[in-house]
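Some features that TrEMBL has for this protein:
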type   : residues : note
SIGNAL : 1-23     : signal peptide
DOMAIN : 46-158   : domain 'DOMON'
Amino acid sequence: MAFLRFFGYSLLVLHIAFPISHSLTCTSQNLTNNSLYKNCIDLPTLNSYLHWTYHLSKSSLSIAFLSSASPNGWISWAINPSSAGMIGAQSLIAFRQSDGSMSVNTYNISSYETVARSEILFNVSDLNAEYSDGMMRILATLALPENTKVVNQAWQVGGSVIDGETPGKHDLEDANLNAKGKLHLLDHAKVNAASGDGNGTIEKHSGSSGNSGRNVAIFVMLYCILM
């Protein structure tokens, strides 16, 4: 019995110190202008998150995209008006410059080989980027065509910047290749993830409710052991 109690206490300590799943979800993130965003989702790959508000009357989309990144890497969030792939993506790409300040610019992705700054199809305002605690953030407002209800979104992370101005190639792992999906601007409850057949859905704030259920089950088990 003493061993079981010791084992139970050990499990409890480990559970508190090392949560079963990644505890950082979009609902726990503090943004300097968090009041701007009515919705947020935990994107299914690359440890990435999207906060957004869609202003229907103005057809404008305000976003804050967050992703884990190395200090020498880059992050990107994009809308592709023509397909779900990379070619044609109207991208916002951010990275740190040599002096440590953040740079964020627009890129019309027209080739797999070269990525260069260029104008994109959407007017962009309030474009800004931040970096702290291993997370990069892109903040922007995009003017969309009138009555837009769904957009193809894509996000990406790379590990290097060439000559301080050109994003290097990203990995071709499944997490990178599946970093795309549909963002339903008027359906704040879910986002369709383009993984596999592209028909899967990810609930808003995905993972938080599942974590709570597992946490309750674990604490009930520990209580029974300790009693």
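Using the three backbone atoms N, Cα and C, a Cβ is placed for every residue, glycine included.
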Restricting to the domain 'DOMON' (46-158), report the mean pLDDT as a whole number. 94
Go ahead and report the DSSP secondary structure tallies for the domain 'DOMON' (46-158): helix first, then strand, then coil. 0 helix, 65 strand, 48 coil
